[in-house]
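Data first, discussion second: the structure below is written as structure tokens.
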Amino acid sequence: MTKIMAVNAGSSSLKFQLLEMPTEELLAVGLVERVGKEDAIFTIKYGEGQKFNVVTPLHTHKEAVELTLEKLIELDIIQSFDEISGVGHRVLHGKELYADSVVIDDEVMKNIESFTELGPLHIPPNLTGIRAFQAILPNVPQVAVFDTAFHQSMPEENFLYSLPYEYYTEHGVRKYGFHGTSHKYVTQRAAELLGRPLEDLRLISCHLGSGASIAAVAGGRSIDTTMGFTPLEGITMGTRSGSLDPALIPFLMQKTGKSAEDVLNVMNKESGVYGLSGISSDLRDIEQAAAEGNHRAEVSLKIFSNRIHGYIGQYAAEMNGVDAIIFTAGVGENSDVIRERILRGLEFMGVYWDPSLNNGARGKELFINYPHSPVKVIIIPTNEELVIARDTVRIANLVEAHA
């Protein structure tokens, strides 16, 4: 048996799971919050519903990793560090260089560092997390699992922007797409649930959380996705605007006196359903306000759902049909209201969903279509950490790869 750590390092957080491979048994799941503060919070769940948490000063990610590994031994989850065979790290961006996960060496670290301009908020903490584990577990293989890798199969007609071609060749300006690890997991799982080879399926994956993206997956390969050069492109999100007329940036600079960076900050952090509703970036709050008659909340829900509705139609056309629509992530898995708004009116393309199955369906695998529906509709809770663990085993040749 092989124990793998799946890690997602944020600017002030460290999420992790410890999995036994190849059985894929979850041994522990944890979160360190407020890294860099005197009152950092460490929480871990393990065993049969057991939980441990502590508030303690943690000034660096290295200290957070040290505490994590110490607690794994203290709580008898592992007996020694030697039991950890590999560490898989979620990394935001792999550009065109990485179409698959990769064992991390000095060259890979330099390359990831060079991607910082494309992910200034995410890449530095990704690197910090890697360095912290390398320092404490120097002989354990570390694997980078890129959010963008799954979308490297997109054809040119879907990843190129209609800009001078040299912007692509000289500066790498193109659609990259994100949430690839999630889209990969749910589409593979959909094939298992449908009992059909992934190679034969045309799937539309809707990853709907505070960040949100749709992917068209044909034959197990991403052929199009809504996020672009950055995660700002695409559908309306919690605080991100999604796609809009780029001429708005100089217009708003002129009208508001803001810099380009300030306007982009508004589009990333003050827009989306938060900016539209003036209430919250959390769709649960907006659903409640809409139910109470708040007009801006209702319009926000309509815009959010309508954009997704439109992309489903576009991607069905691109793939010459669709076999299943998948809902995943916080909103996709848990909001029957949003799912209903998105699915309503898709009967013309063979989507017949059952309101009695949709209503109240939360956080569990479930088909919510009528049996006769040509297009299946499936809720699949995402499991990015499992993909990270599988890739770590496969790429580092730790045990026979997961089938």
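Note that Cβ sites are derived from N, Cα and C of the backbone, with glycine treated the same way.
From a predicted model like this one, the values you see are computed outputs, not experimental measurements.
Per Swiss-Prot, the feature active site, proton donor/acceptor maps to ASP147. What Swiss-Prot lists as Mg(2+) binding site is ASN8, GLU384, and the listing cites sequence analysis. Taken from Swiss-Prot, the feature ATP binding site covers LYS15, HIS207, LEU208, GLY209, SER210, GLY211, ASP282, LEU283, ARG284, GLY330, VAL331, GLY332, GLU333, ASN334, and the record attributes it to sequence analysis. Residues or ranges marked as substrate binding site in Swiss-Prot: ARG90. The site 'Transition state stabilizer' annotation in Swiss-Prot covers HIS179, ARG240, and the record cites sequence analysis as its basis.
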For ARG90 (substrate binding site), the one of ARG284, VAL331, GLU384 that lies nearest, given that the binding-site residues are compared by Cα: GLU384
Neighbouring recorded positions, C-alpha within 10 angstroms of ASN8 (Mg(2+) binding site) - of LYS15, ASP147, LEU208, SER210, GLU333: LYS15
Cβ atoms near VAL331 (ATP binding site) (within 10 Å, other residues, all chains): 24
Rounded distance in angstrom between the Cα atoms of LYS15 (ATP binding site) and HIS179 (site 'Transition state stabilizer'): 16
Lowest local Cβ density (other Cβ within 10 Å) among recorded positions: ASP147, ASP282, GLU333, GLU384: ASP282
Neighbourhood of LEU208 (ATP binding site) by C-beta distance under 8 A, where only residues 6 or more apart in the same chain count: ILE308, PHE327, THR328, ALA329, GLY330, VAL331, GLY332, SER335, ILE338
Among ASP147, HIS179, ARG240, which are recorded as recorded positions, the nearest neighbour of ASP282 (ATP binding site) by Cα: ARG240
Listed binding-site residues (ASN8, SER210), ranked by Cβ neighbours within 10 Å, top entry: ASN8
For ARG284 (ATP binding site): intrachain residues, at least 6 apart, with Cβ closer than 8 Å: SER335
Other CB atoms within 10 A, centred on ARG240 (site 'Transition state stabilizer'): 26
